[in-house]
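Record features (TrEMBL):
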ACT_SITE  His251  active site, proton acceptor
BINDING   Tyr23, Tyr133, Arg168, His251, Arg254  glyoxylate binding site
BINDING   Pro76, Thr77, Ala78, Gln131, Thr159, Lys227, Ser249, Asp282, Gly283, Gly284, Val285, Arg286, Gly305, Arg306  FMN binding site
DOMAIN    1-356  domain 'FMN hydroxy acid dehydrogenase'
Amino acid sequence: MTGVLTALHDRAREVLDPVFYDYVAGGAGGERALADNERAFDRLALLPRVLRGSAVRDTAVRLPGAPATAPVLVAPTAFHRLAHPDGELATARAAAAAGVVLVTGLAATTAVAEVVRAARAVDPDAAVWFQLYLQPDPEVTECLVRRAERAGCTALVVTADSPVFGRRERDLRNGFTDLPPGYAAENMRDLPGGPPGGTRPIAMSPELSWDDLARLRAMTALPVLLKGVLHPADARLAVAGGVDGVVVSNHGGRQFDAVPAAVDALPAVVEAVAGRVPVLLDGGVRRGADVAIALALGATAVGVGRPVLWGLAAEGERGVRRVLDTLLDEYDHALALCGARGNADLTGDLVVRRGAGVR
Ligand SMILES: Cc1cc2nc3c(=O)[nH]c(=O)nc-3n(C[C@H](O)[C@H](O)[C@H](O)COP(=O)(O)O)c2cc1C
Ligand SMILES: O=C(O)C(=O)c1ccccc1
């Protein structure tokens, strides 16, 4: 029950300011979607094949803007310096050392150029992607894209599940609305229309449309992934709009309480995308077996959000490294126990509903 990730979570709860702990741990509304993300994995089981394994298992995946890489990514999360003084620099070093793609966020407390530099100092081939919210002013968006390109990011992840900010009852109760003094969203510094040397607030807009995605698509040669897709029709529109990947996500249950668990939304999106681009998933991944379940259901890779912040808060770079290494070790072990020689042997017939029997 209490694996490495649980222990790091417990430690993070002890060391963090309770207001920031709540910000990370919490979700929108009654936290039903938050709880369901993990519970949905608990409701699924894997049906191993026997006598067909291998001593060496091929866990590498091909993703846009990344060398052959592990099937686990660091999902974009805000404000790493509130978890640990080394902030995003520690996360970047740990991800690079583990061979994992880091998706650094628009709301990072370290500028993207510094994040990429830290990752590349560990591994010159380390892949860092940049997550952004399309800003209502296209000039601001363009400036952010150029910044990510110049920094050396190899893909963009556009988060589409936030037309408005989620109602997070813990944050409302605690009065947590923004970064405390002394911290800033460094990627928002020196932008058109903003104060010289200062930062602009990150805007969310309910008026964004597929035209805005098309404008971004035309703005850059970098691969673009669309994050926060749950409806299969949106997955089809995204592929038609030229995206290079789709991320099935409910934002860790932080946006809308009424949505299903990410892994429950995955199969329909995989079917709609029909192999045209990779489908990624995040939300509720806590064990290597969860990675295996998601891949068996058709995901190419999964993102982890909160566990990375727990590792960071508990032990800095070392804690993030422990989170990622544990998930990758557990995943390799799950492959062995499934009789899989690699990711490709994880097929849909291996996934059954726990408690429902096997047909
Ligand atoms: C504290 C925190 C901040 C987050 N900030 C962002 C963000 O700025 N942009 C974004 O696209 N997703 C953000 N997310 C969502 C994550 O990218 C991811 O979808 C989610 O955490 C996955 O669920 P998990 O925490 O269960 O792994 C955030 C999540 C957390 C916990
Ligand atoms: O907290 C979040 O989930 C999030 O996505 C976000 C977005 C903008 C600023 C800070 C956090």
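Even glycines carry a Cβ here, placed using N, Cα and C.
Candidate binding-site residues: Tyr23, Ala78, Arg168, Arg254, Gly305. Those with a Cβ under 6 Å from ligand 2, in sequence order, are Ala78, Arg254. The Cβ of Tyr133 (glyoxylate binding site) lies under 8 Å from the Cβ of Leu106, Val158, Thr159, Ser162, Ile202, Ala203, Met204, each on the same chain and at least six residues away in sequence. The binding-site residues shown are Tyr23, Val285, Gly305; of these, the one with its CA atom nearest the CA of His251 (active site, proton acceptor) is Gly305. Look at Gly283 (FMN binding site): DSSP puts it in coil. The binding-site residues recorded for this entry are Pro76, Ala78, Ser249, Gly305, and the Cα of Ala78 lies nearest to that of Tyr23 (glyoxylate binding site). Checked against ligand 1, the binding-site residues Pro76, Ala78, Tyr133, Thr159, Ser249, Gly305 give Pro76, Ala78, Thr159, Ser249, Gly305 in sequence order as having a Cβ less than 6 Å away from one of its atoms. Mapped onto three states, the DSSP output places Tyr23 (glyoxylate binding site) in helix.
You'll find the Cα of Arg168 (glyoxylate binding site) roughly 17 Å from the Cα of Gly305 (FMN binding site). Counting other Cβ atoms within 10 Å of each Cβ, the lowest count among the binding-site residues Ala78, Val285 belongs to Ala78. All protein chains included, Ser249 (FMN binding site) registers 28 other Cβ atoms within 10 Å of its own Cβ.
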